[in-house]
Each structure stands twice: as structure tokens, then as C-alpha cells.
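Participant: Sharing a structure, written as C-alpha cells. Questions coming.
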């Protein structure tokens, strides 16, 4: 069975479009927060925010890291202490705040 050229072209173009529509997250690091939208690798399923506060002074702004991640890590699996909080989400640019 021969498929028409226009049909094959439509399939190829739709595959290309799907490749460019992966998860997008903010990827950045800064005190108090940051914002830089970026496309994630295909292995990433979550956008993550990690906030780290100084154990000496809780009045300082936290160091905030935003990134793509495959899965949702928890503090204990990363070996991080009680001064770290992690939030995960699964939609585009959901790790804004």
C-alpha cells in the first residue's frame, strides 16, 4: 500500500512538533528566587524547586535552585538536612514561585 506524500509529510512534521514540546521548567539558582524558562531533557518528568536556608540565620533569603528532574526527589534520598525544602510539579513552567 502506498501512502500519499502529503500524508507522510504530515506525520513527519507532527513528530518534529512533538519533539519540541517537551516539559519546560525554570532552570536557575539565586537568593530569594529566580526565573529562567528552559526546555527540559526528555528524561525529565518534573519541575523542581529546592530552597536551602542557612542553619545559622533563618532571616536570610534562601538559596533557591530550580531545575528539571526525572521523578520527584525527597530530602532524605538526596542526603540533605532539615534546612532544605523541595517542591515538585509536572506542568510547564510550574516551578515559578
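Using N, Cα and C of the backbone, Cβ positions are placed for all residues, glycine too.
What you see is a predicted model, and the numbers here were worked out from it, not measured in a lab.
According to Swiss-Prot, the record shows the following:
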- 1-22: signal peptide (SIGNAL)
- 24-72: domain 'UPAR/Ly6' (DOMAIN)
- 25-47: disulfide bond (DISULFID)
- 28-34: disulfide bond (DISULFID)
- 40-68: disulfide bond (DISULFID)
- 72-88: disulfide bond (DISULFID)
- 89-94: disulfide bond (DISULFID)
Participant: Would you list the DSSP helix, strand and coil counts for the residues of the domain 'UPAR/Ly6' (24-72)?
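Facilitator: Across the domain 'UPAR/Ly6' (24-72), DSSP assigns the residues as follows: 0 helix, 24 strand, 25 coil.
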Participant: Would you find the one among the disulfide-bonded residues 34, 40, 47 whose Cβ has the most company, meaning other Cβ atoms within 10 Å?
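Facilitator: Going through 34, 40, 47 one by one, the largest Cβ count within 10 Å is at 47.
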Participant: Residue 88 (disulfide bond): which of the disulfide-bonded residues 25, 34, 40, 47, 94 have a C-alpha within 10 angstroms of it?
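Facilitator: Near residue 88 (disulfide bond), where near means Cα within 10 Å, the disulfide-bonded residues are 47, 94.
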Participant: Are any of 28, 34, 40, 72, 89 (the disulfide-bonded residues) within 10 Å of residue 47 (disulfide bond) when you go C-alpha to C-alpha, and if so which?
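Facilitator: Checking each Cα against residue 47 (disulfide bond), the hits are 40, 72, 89.
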Participant: What is the average pLDDT across the domain 'UPAR/Ly6' (24-72)?
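Facilitator: Value for the domain 'UPAR/Ly6' (24-72), mean pLDDT as a whole number: 90.
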Participant: Cβ-Cβ under 8 Å from residue 89 (disulfide bond), same chain, 6 or more residues apart: which ones?
Facilitator: 46, 47, 95
Participant: Report, in whole Å, the straight Cα-to-Cα distance of residue 25 (disulfide bond) from residue 40 (disulfide bond).
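Facilitator: About 7 Å separates the two Cα atoms.
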Participant: Calculate the distance in Å between the alpha carbons (Cα) of residue 68 (disulfide bond) and residue 34 (disulfide bond), and round it to a whole number.
Facilitator: 14
Participant: Could you measure between residue 28 (disulfide bond) and residue 94 (disulfide bond) for me? Cα positions, answer in whole angstrom.
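Facilitator: Answer for this pair: 14 Å between alpha carbons.
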Participant: According to DSSP, collapsed to three classes, what secondary structure does residue 94 (disulfide bond) have?
Facilitator: coil
Participant: What is the separation, in Å, between the Cα atoms of residue 34 (disulfide bond) and residue 72 (disulfide bond)?
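Facilitator: Per the Cα atoms, residue 34 (disulfide bond) and residue 72 (disulfide bond) stand 20 Å apart.
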